[in-house]
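Engineer: The structure's right below; bear with me while I get my questions together.
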Amino acid sequence: MRILITNDDGINAPGLEVLEQIALELAGPDGEVWTVAPAFEQSGVSHAISYTHPMMIAKLGPRRYAAEGSPADCVLAALYDVLQGARPDLVLSGVNRGNNSAENVLYSGTVGGALEAALQGLPAIALSQFLGPETEGLADPFECARTHGARIVRLLLERGLWDGEDYRLFYNVNFPPVPAANLRGHRVAAQGFRRDTSFGVEPHMSPSGRRFLWIRGGAQQSPTLPGTDAAVNLEGFVSITPLRADLTAHDRLAELEALIG
C-alpha cells in the first residue's frame with residue numbers, strides 16, 4: 001500500500017510523527033509512506049490553495065518533503081510532482097493537535113488536506129487528537145491517537161467505505177481527550193456545533209503605538225449537540241464522521257424553490 005500523509009501543524013509537528021507511525025503500520029514492510037507537509041504551521045487555513053504565488057518545496061529525506069504552502073497545496077504537490085504520477089492508495093491528514101469536530105471542521109487545514117485528496121478521487125481521512133484536562137498530565141498527549149489510530153483507519157479500509165463514483169466523500173476522525181486505556185470505543189456521529197464558541201478578536205497595542213488584533217477562539221470543552229462529534233468525544237469515544245465537499249443544504253432546496261423559484 002502506498003500512503004501519502006500531510007498535516008496543517010507543519011513538518012516538525014509531533015502529531016505528524018504519530019501519523020507516520022500509523023501509516024507505517026498500515027502500509028506494512030512492502031508498502032510506501034510519503035510525507036509532504038507544510039514547512040510552517042498552517043492551522044486554520046481550511047482548504048486554501050496558493051495559486052497566486054509560487055510554492056517552494058524541499059526534499060528533507062527519503063519520501064519526505066516540506067512545502068511552503070497549505071495542506072491542500074501539499075496534496076497537489078505530491079500528486080502532480082513528488083510522486084511523479086504514482087497514485088497513493090490512501091491519503092491521511094493529521095494528527096492534528098486539538099480537535100477538528102463541530103464548527104472547527106470549517107476552519108481546519110487538516111480537514112482541507114483530506115478534502116483536496118477526496119476531490120482528486122482518493123480515499124482520504126483527517127485525524128485529530130482532542131485535548132483536555134485528562135491529556136494535560138500525559139507524557140504523550142497524542143497517546144489515544146497513537147495507540148488506536150491504525151485500528152480505526154483499518155476499520156474504515158476493511159469495510160470498503162469508499163465508492164469510486166463518490167469522489168467527494170472522505171472521513172473525519174477525532175480521538176477523545178482521554179488516556180488510551182480509557183477509550184470507550186468509537187461512534188459514527190454527525191458534525192456538531194458549539195453555539196457559544198465562535199471566534200472573536202482581542203485588540204492590543206504594540207510598544208510603538210500601533211493597534212493590532214489577535215483572533216481568539218472559544219472554549220473547546222463547551223457542550224454541543226448530543227450525539228454529534230464533539231459530544232461523543234467528550235464522552236470518551238472516537239468520532240467518525242463522513243463528510244463531503246458538497247456544502248449544499250439539500251433539505252432546503254425544495255422550500256427555497258417554492259418561495260422564490
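Start at 1 and count along the chain as shown; that gives each residue its number.
Cβ coordinates are placed from backbone N, Cα and C, and glycine is handled just like the others.
So Swiss-Prot lists the following for this protein:
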- D8, D9, S43, N96: divalent metal cation binding site (BINDING)
Engineer: With every protein chain in view, what's the tally of Cβ atoms within 10 Å of the Cβ of D9 (divalent metal cation binding site), excluding that atom itself?
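Structural biologist: Result for D9 (divalent metal cation binding site): 23 neighbouring Cβ atoms inside 10 Å.
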Engineer: By a 10 A CB contact count over all chains shown, which of the binding-site residues listed here is most packed: S43, N96?
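Structural biologist: Output for this query is N96.
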Engineer: Which chain neighbours of the divalent metal cation site, leaving out D8, D9, S43, N96, have a Cβ atom within 8 Å of the mean position of the site's Cβ atoms?
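Structural biologist: For the divalent metal cation site, the extra neighbours are N7, G10, A13, G15, E41, Q42, P71, G94, R97, G98, S108, G109, T110.
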Engineer: Reduce the DSSP letter at S43 (divalent metal cation binding site) to three states and note it down.
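Structural biologist: In three-state terms, S43 (divalent metal cation binding site) counts as coil.
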